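Enquirer: Quick one: the structure is below, questions incoming.
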Amino acid sequence: MKVIAAMLLVAVLWSQEWKSVLSDSIIHIGAIFDESARKDDEVFRLAVADLNLNNEILETEKITISVEFVDGNNPFQAVQEACELMNRGILALVSSIGCMSAGSLQTLADAMHIPHLFIQRSPAGTPRSACQPTSRIPGTDDYTLMVRPPVYLNEVIMQVVSEYSWQKFILFYDSDFDIRGIEDFLDWTSQQGMDVSLQKVESNINMMISSMFRTMRTEELHRYRDTLRRAVLFMSPATAKAFVTEVVETNLVAFDCHWILINEEISDYDLQELVMKSIGRLTLVRQMFPMPQNTTQRCVKHNHRINTSLCDPKNPKAQQLEITNRYIYDTVLLLANTFHRKLEDRKWHSMASLSCIRKNSKPWQGGKSMLDTVKKFGVSGLTSFLEFTDNGTNPNIFFEILGTNYGEDRGRGVSRLATWDPVHGLNGTLTDRKLENNMRGVVLQVVTVLEEPFVMVSENVLGKPKKYQGFSIDVLDALSNYLGFKYEIYVAPDHKYGSLQPDGQWNGLMGELVFKRADVGLSALTITPERESVVDFTTRYMDYSVGVLLRKAERTVDMFACLAPFDLSLWACIAGTVLLVGVLVYLLNWLNPPRLPMGSVSSTTLYNSMWFVYGSFVQQGGEVPYTTLATRMMMGVWWMFALIVISSYTANLAAFLTITRIENSIQSLQDLSKQTELPYGTVLDSAVYDQVRSKAMNPFERDPMYSQMWRMINRTGGGDNNVEESKEGIRKVKYGRFGFVWDAAVLEYVANNDEDCSFYTVSNNAPDRGYGIAMQHGSPYRDIFSQRILELQQNGDMDILKLKWWPKDSPCDLYSSVQTRQRGNALDIHSFAGVFCVLAAGVVLSCLIAMVESWWSRRKGSRVPSKETQADGPSARQAAETCPHSPNEHPLALASQTQNQTSNTANTTAPTATHYQPPACCDIPCALIVQHSYEPANPSELTPKMRMTTFTTSPPTPRTIRRSTWSTYTAGLTACAPRMKAPTSSSPPLPSI
């Protein structure tokens, strides 16, 4: 209880002493602070306490203060509290509030002639915006002094963006920031043609990001990620830390992003936290206060020593000082020095209480003198040097620009890049640092897809990493040797280039880059707008065009190639012509029979006519003489016809046996699109697939050729003609009827390296895209890779790499649709297999006919008579075997008798029957084949019947002579003659043989 009583006694004594000081003091300062800025009040009281302890400035005088807190957005309250302070009798008014209330206080100060030292305070630590000028009565003095310098954020950010050469970025600002404060900057970006997006950051950042993911489509989200690569943040440090944390955790930014945070109110503590939470490159622009490095010099200012807790940079309290706190301390110090000078000059005007309510209230008479003294002198304090110009502004402001390097490492070092002030501008270089040629120590993760000849496995040893080769690998090695980096390569898990899936995610190689699992994507990867929306590409290192792989026409192994020169219908017409001409020849001879010489064995039967026509057609001649004019005319025309047909056949046969028929007439993509017999397709959901679909269905770039191709490729939804990977398409071309639409460079390599040279390619000669190296969005390696690729192209190294995989002296002709031969080849057995087959068939058929004839002869007997012989009697062989004869009977006797009787029959003028008495020794007469020759006086009486050969077993009678297909049968006469007796005088003469 004694302790409590003692404390109460001390408090009463202190209050009585303070009241006496307040009543006796002639220095009274009023202060109005924002109710959320309690720290301003703390620093204000600390400054007054320091000055009251300094006898060198105010000597025996002490400063008394009155402090009021107001709502920064309530001007009426601010004016009311200021009037209350003026009624108490103040020499100066210090305010740390926003622009809205400051305008009202400025009007009041001008009316009452009270010096008003205004320290602009932005709400919640957001960047300042310039206060709108307050309308004043012309000719009146401005009693408000702007302690904080004017807002130069527009000028600073213009300089920074210009140095970085940004052309596209997004500008974020929090809800408390007045966007009108950067109106000049936005106008400047518009004049420079920059692409600047604005987005307000809500207080609930997590909800804002979640709403983006719900409302944005996948394509829009990818474009938004691309925009986030470059960003400018106008927000408080607290909001900036929360926003950076959220976008990093939601994977909206990568380590290759570059953000600029500009705010005068960024403490060292805020700086370290921002660096810890962010990835990529971070640039911070904040206000700085040049201070001596020596602690003693920092704390001792002329005749005043600043409190160590505020001036020592190692003190935690000093590290957390806000800019308004610093200006408040220096404002009190400036007023103290002003009061000191006024006391020395003995020009002090005591302050009486003023009333704001009374209409006839007069302003303070000493206000003008006090204002001039404040503006005349400056003071060195926590803000370096505080002074005012004639227009009442503080000209001393300095900005420092801090920055980090690219990377994902947390806690990266921060260094000062440059400084800026209104007089000298930028001091330093802010060029966006690109990676230099030295990338030693950098290990890149490279994802690829196997595609000949861009990326191929060269060595696959169990237990060791795979080794790769190819054109793209050669380009990567050239970059690695020059820049000094190393890489680890792996194949995409699904072996695909990647496409946008229905769920909005990318798969394949593209997915590895989008999800930050790889740094570089390398293969036969084409640059497309869809891919560029989610990843970055280097400059193209090779042109790209669409081509089609087709199989060359091969020599068809045809056993009946000898029949190929003529069509089947033509062969049928030739066969019918042979039969028709044979019948015509026979009819012409039948209507006008020719004269046959004595002893002729030729016969003009239908069979012989057919045989003669066929023999003349195949240029083998014939054995039947034709002497009539009509027949010879017919045969002459037939021989001319046969000559033309045989000559044409021979010439065409040579061509068919030496030259491959051209089965493919496709020589361009237009030819491919116009035909429908040969199916063709590409890899499903590939870049080629998307390109054909886009040019076929996009109304702005619709191409009729691609429209026709799309109808074939998309047949039955694309399942029939498309394949899952390029190797499958190449196999379909090689072993079937198929055309594979794919990258022309890949197809040329496949055609070049085919062992049989069985492929040829057709491509579009105008490349509209290119192959590039893909990287993550905003990758710091893109520009240096592109620069090195351009150097490789300019010095010819890229052409040398191309010749390694696409040589000019290729053994295969890539553009010919037929198999070309380096030299002439001998005809093989396959070319004449059909001829040998026909010959074999003829041999087999002849043997079969011979066997049938032999069987028929055994069945009927060795001398089976023909139908005509059976009608006339037994055969000649039967008569000869049964007819007895003596050894003296000889055929020559019969022959002599025949010659003696020839003269008797030669004079016959009409066809009469020749009577013949068979030998008496035989009951059955011998069979004789007799050719009757007639030489009548009138040749027109000759008929075909008179020239026919007849079988007879009895002397011919005047009956009609039967026709026979036999020309001669001398064996019967030979066999029968030895058995014949010499004729008697009464016997009829023998027929002429």
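Cβ from N, Cα, C; glycine included.
Residues annotated as L-glutamate binding site in TrEMBL: T526, R531, D743. According to TrEMBL, the disulfide bond annotation covers C83-C356, C757-C812. Per TrEMBL, the feature domain 'Ionotropic glutamate receptor C-terminal' maps to 443-808. Residues or ranges marked as domain 'Ionotropic glutamate receptor L-glutamate and glycine-binding' in TrEMBL: 453-515. Sequence annotations record features per position, and here TrEMBL assigns region 'Disordered' to 860-891, 940-962. The signal peptide annotation in TrEMBL covers 1-23. Taken from TrEMBL, the feature site 'Crucial to convey clamshell closure to channel opening' covers I666. What TrEMBL records for R693 is site 'Interaction with the cone snail toxin Con-ikot-ikot'. Under the heading transmembrane segment, TrEMBL lists 568-588, 600-617, 637-659, 831-856.
Walk me through the surroundings of each of these features.
Expert: Of all Cβ atoms in the shown protein chains, 26 besides its own fall within 10 Å of the Cβ of D743 (L-glutamate binding site).
Every protein chain considered, the tally of other Cβ atoms within 10 Å of the Cβ of C356 (disulfide bond) stands at 16.
A simple way to gauge crowding: the CB of C757 (disulfide bond) has 18 other CB atoms within 10 angstroms, across all the protein chains here.
Residues belonging to the domain 'Ionotropic glutamate receptor C-terminal' (443-808) score a mean pLDDT of 80 in the model.
On its own chain, R693 (site 'Interaction with the cone snail toxin Con-ikot-ikot') has W710, N714 as residues at least 6 apart in sequence with a Cβ closer than 8 Å to its own Cβ.
Taking Cβ pairs closer than 8 Å, the transmembrane segment (568-588) reaches residues 604-606, 609-610, 612-614, 617, 626, 628, 630-631, 634-635, 638, 641, 645 in its own chain, all 6 or more past its ends.
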Enquirer: Sorted by position, what residues of the same chain at least six away from C812 (disulfide bond) have a C-beta under 8 A from it?
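Expert: Correct list: A751, N752, D754, C757, F759.
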Enquirer: Quick one: pull the CA-CA distance for R531 (L-glutamate binding site) versus C83 (disulfide bond), whole Å only.
Expert: 66
Enquirer: Please spell out the DSSP helix, strand and coil residue counts for the domain 'Ionotropic glutamate receptor L-glutamate and glycine-binding' (453-515).
Expert: 20 helix, 16 strand, 27 coil
Enquirer: Let me make sure I understand the span of the L-glutamate site: among T526, R531, D743, what is the greatest distance between any two Cα atoms, in Å?
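Expert: Between the most distant Cα atoms of the L-glutamate site, 17 Å.
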Enquirer: Counting Cβ neighbours within 10 Å across all chains shown, tell me which of the recorded positions C83, T526, R531, I666 comes out on top.
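Expert: Going through C83, T526, R531, I666 one by one, the largest Cβ count within 10 Å is at R531.
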Enquirer: What's the CA-CA gap between C83 (disulfide bond) and I666 (site 'Crucial to convey clamshell closure to channel opening') in angstrom, rounded?
Expert: 96
Enquirer: Measuring Cα to Cα, how far is T526 (L-glutamate binding site) from I666 (site 'Crucial to convey clamshell closure to channel opening') in Å?
Expert: 26
Enquirer: Determine, for the L-glutamate site, the additional residues of the same chain whose CB lies within 8 Å of the mean position of the CB atoms of T526, R531, D743; present them in sequence order.
Expert: Y497, A524, L525, I527, T528, Y544, A687, V688, R769, Y771
Enquirer: Provide, as an integer number of angstrom, the distance between the C-alpha atoms of D743 (L-glutamate binding site) and I666 (site 'Crucial to convey clamshell closure to channel opening').
Expert: 18
